[in-house]
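Chemist: Residues or ranges marked as transmembrane segment by TrEMBL: 20-38, 58-79, 91-112, 124-146, 171-193, 214-234. Annotation source TrEMBL lists domain 'DUF6533' at 24-68.
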Amino acid sequence: MSTTNPPPANTPPVATSALLNVNYGAVSILSMWLYEYAITFDDEITFLRESRWSIVKIVYLVCRYLMFPFVITNTFRFLQRSLTVQQCKSYFEFTSFACATIIVCAELMFLARTYALWRRSRTALIIIIVNFTVFLIPAIVILTAIDTVVTMVPVSGITSCDDNSGSNVTVWAYVLLVIGETEILISTLYRAVRYYREAGGRNRLLAILVQHNTFYFCCSLASSVTMISTMYLLQGQDNDLFADHTWDTGYSNAPLHVEFEPEADNPIKSAVE
C-alpha cells in the first residue's frame, strides 16, 4: 500500500489547492498535446515530405517541435520532487527561452499569413512590422528578461519550487500581446469581409487561410486574457503562500527555513531553531 506525506500543517489550503491544480493542468496539457500529435501524425509526415522548404516552413518546424522539450520539461519540473535551487533555475530559464521562441515563431507564421491575405501590400507590410516592433517584441523581451526568482515550496507531494518573479511586470507583457494581436485580428477580419464581398468565398484556400488566422488569434487572445485574469486573481494567494518564509513541515516541531534565489547564492538550507 502506497502512502503520501501529509502537507504542512500551516500551509494555506487555498495555496495548496492552487499548486495541485497546476500539477493537474500540466499533466492535462501534456496529454492533450500528445493526443493531438498522434491524430495528426500522418498529415505531419505528408507536410514534411511534400511541401517545399521556405523560411515559413522552418519557423513552423521550430514552433512545432520545440514544444516537445518545452511541455515535457515543464511537466517534469511540476511533478519532480526534491529539486535543488540550481535545478529549478535551470528549468525556469529553459522554459522561459522555449516559451518566448515558440511565441515568436507562432506570431511570425500568422503575421506572414496576414501579409499574404493583404496580397503582399506594402502598406500592410509596414503596419505588420510596426505592430511586431511596438507590441510583440517588448512583450517577449519582458517575459524573457525578467529575473527569475525561484522559491522552494516545502509542501510534500506537490512540487519542489515555484517561479516567484514579479507578476505585475508579466501582466503588462500579456497586455501588450493582447493589444498587438487584437490589431492583427481586426485587420484579418477586415480583409476577410472585403474578400467575401469581392470573390463571394469561391477561393477555398483563401477561406481556409482566413479561418485559421481568425481561429489562432481568437485562441491567443483568450489565452492571454485568461493568463492576465489568473495572475491578477491569484496574486493574493501567492502572497499568502510566500509571505512567511517558514512552514511547519508536519513531521516535527522544527520549522523549515526557506531561502530565495537569486538573493541567496547557496542552495536551500534547513535549520532547526
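The chain as shown is numbered from 1 upward.
Positions of Cβ are set from backbone N, Cα and C atoms, glycine also.
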Chemist: Could you tell me how many residues in the domain 'DUF6533' (24-68) are helical, how many are strand and how many are coil under DSSP?
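Modeler: DSSP composition of the domain 'DUF6533' (24-68): 39 helix, 0 strand, 6 coil.
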Chemist: May I ask for the residues of the chain that lie six or more residues beyond the transmembrane segment (124-146) and have a Cβ under 8 Å from a Cβ within it?
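Modeler: For the transmembrane segment (124-146), the list is 96-97, 99-100, 103-104, 107, 111, 114-115, 118, 165-166, 169-170, 172-174, 176-177, 179-180, 183-184, 187.
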Chemist: Should anything in the same chain at least six residues away from the transmembrane segment (214-234) have a Cβ under 8 Å from its Cβ atoms, list it; otherwise answer none.
Modeler: 18, 106, 110, 167, 170-171, 174-175, 177-178, 181-182, 184-185, 188-189, 192
